Amino acid sequence: MSEGELKPAAMEVEGVASSSKPPRFRIPVDSDNKATEFWLFSFARPHMSAFHLSWFSFFCCFLSTFAAPPLLPLIRDTLGLTATDIGNAGIASVSGAVFARVAMGTACDLVGPRLASASIILLTTPAVYCSSVIDSASSYLLVRFFTGFSLASFVYTQFWMSSMFSPPKVGLANGVAGGWGNLGGGAVQLLMPLVYEAIRKIGSTPFTAWRVAFFIPGILQTCSAIAVLAFGQDMPEGNYRKLHRSGDKHRDSFGNVLRHAVTNYRGWVLALTYGYCFGVELAVDNIVAQYFYDRFGVKLSTAGFIAASFGMANVISRPGGGLMSDWLSSRFGMRGRLWGLWVVQTVGGVLCVVLGTVDYSFGASVAVMILFSFFVQAACGLTFGIVPFVSRRSLGLISGMTGGGGNVGAVLTQLIFFHGSKYKTETGIKYMGLMIIACTLPITLIYFPQWGGMFLGPRPGATAEEYYSREWTEEEREKGYNTGSVRFAENSVREGGRSGSQSKHTVHVVESSV
């Protein structure tokens with residue numbers, strides 16, 4: 001039964017109250033106040049305003065983190081950087097966010113995405129401005145390391161969307177927010193060379209022009225943090241501080257959040273597989289402009305345009321992955337989400353191998369790179385179509401673990417295949433594709449008792465409510481701390497596939513309305 005068919009039933013139960021009392025939100029919501037529709041071009045508060053604030057602030061952080069690679073040939077010549085220096089800086093740019101993302105997930109669980117996001121953005125902004133005064137390989141490495149912490153902003157983006165949108169729409173919301181944020185990795189490949197050329201035409205020297213260019217991403221990042229603080233809201237019901245004071249939200253402890261995250265093996269599997277979709281994307285962002293510049297002898301602006309096409313695919317690829325995840329769920333439940341992720345990411349690995357093989361042809365390399373970008377980025381969207389269902393009590397930390405896994409994958413990929421001169425870049429790309437294929441296989445191990453896995457159906461009698469309630473003690477359940485988890489379980493019924501009981505869904509909706 002569709003959501004639209006359920007609404008009249010709920011309205012009949014609510015009776016006069018529903019007709020006399022105006023809706024609390026402009027956008028339709030479920031029993032947990034999560035949006036059941038996705039109005040892309042709306043700023044309706046708090047759901048859609050949170051969406052636009054999250055993707056834009058993440059976009060700005062991506063601009064800052066990858067502002068250096070498009071200008072790397074200039075920075076390399078000015079500072080006298082070696083291949084090892086460049087490799088180390090590339091690793092540094094994504095390694096800092098490994099622990100920052102885990103910390104960000106915990107902060108989202110404890111204090112909410114609004115304060116957590118603004119804090120990380122403002123703390124890393126000084127490093128962006130300092131990029132304009134670097135004068136050695138060590139200072140270049142340090143600014144890239146500290147700027148890279150801002151990539152932890154991805155975690156609050158996914159947490160925020162998972163807190164604002166209902167299960168049938170969470171894959172799409174996460175996909176679009178993450179995809180449009182990741183778009184910064186492509187946009188910066190175009191932006192920084194253009195800003196550099198504009199400053200040059202004003203009359204600046206090359207030595208000064210690339211330094212001044214770093215002020216653009218720095219200013220944008222600062223403004224995004226101010227916007228989040230001014231216009232953001234943690235949950236549909238309000239901010240964490242207000243909800244904690246009123247008693248509407250349980251103030252959880254770090255120990256409980258940590259325990260339920262690290263003991264759920266599904267989170268670790270997704271962290272590994274995410275390391276070889278998003279992690280690969282980060283690695284490619286670091287090497288792609290220089291690869292085409294050195295391998296095919298194209299102009300700096302041309303190399304930047306080609307590199308930008310890789311990141312710019314996020315406009316539709318990652319959102320497409322999220323939309324695919326929700327569509328597969330509507331037909332096949334959670335098992336469809338899992339199969340979709342495995343197939344798409346494996347195809348991405350095959351295309352990566354092909355990319356490293358066709359290095360003899362400029363045209364073929366560009367074509368395969370663009371096709372590869374669609375699959376590897378769609379896999380990111382498919383991953384975060386699954387993450388919100390792993391845990392409710394530790395949603396932020398599970399998101400942080402998964403996001404941190406992406407950075408670990410990027411670090412390992414850079415270190416093994418693109419550090420120093422051990423491998424030619426095209427050889428490293430080929431081996432990276434094989435790694436993607438291998439590290440995608442553990443998805444077959446993910447199993448939800450109430451919904452099943454790729455090869456096994458659900459366990460008889462298992463329910464989503466039982467699965468999520470295990471994260472709370474009997475005493476906590478008696479106090480009603482797990483109310484949010486119960487409502488989420490009710491609204492997740494279609495993860496069981498079309499064979500799920502429609503009557504059971506109707507009862508839950510009506511009961512929650514009463």
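Keep in mind that glycine also has a Cβ here, set from the backbone N, Cα and C atoms.
Range 115-134 is the one annotated as transmembrane segment, of 115-134, 275-294 (source: TrEMBL). Across all of the domain 'Major facilitator superfamily (MFS) profile' (50-445), the predicted model scores a mean pLDDT of 87. Sequence-distant contacts of the transmembrane segment (338-358) (same chain, six or more residues past either end, CB-CB distance under 8 Å): 273, 276-277, 280, 321, 324-325, 328, 332, 364-365, 368-369, 371-372, 375-376, 378-379, 382-383, 385-386, 426-437, 440, 443-444, 446, 453-454. Take the transmembrane segment (115-134) and the stretches 53-74, 208-231, 296-317: counting Cβ pairs under 8 Å, 208-231 has the most. Proximity of the transmembrane segment (296-317) to the transmembrane segment (208-231) is not established, fewer than 3 Cβ-Cβ distances being under 8 Å for residue pairs spaced 6 or more apart.
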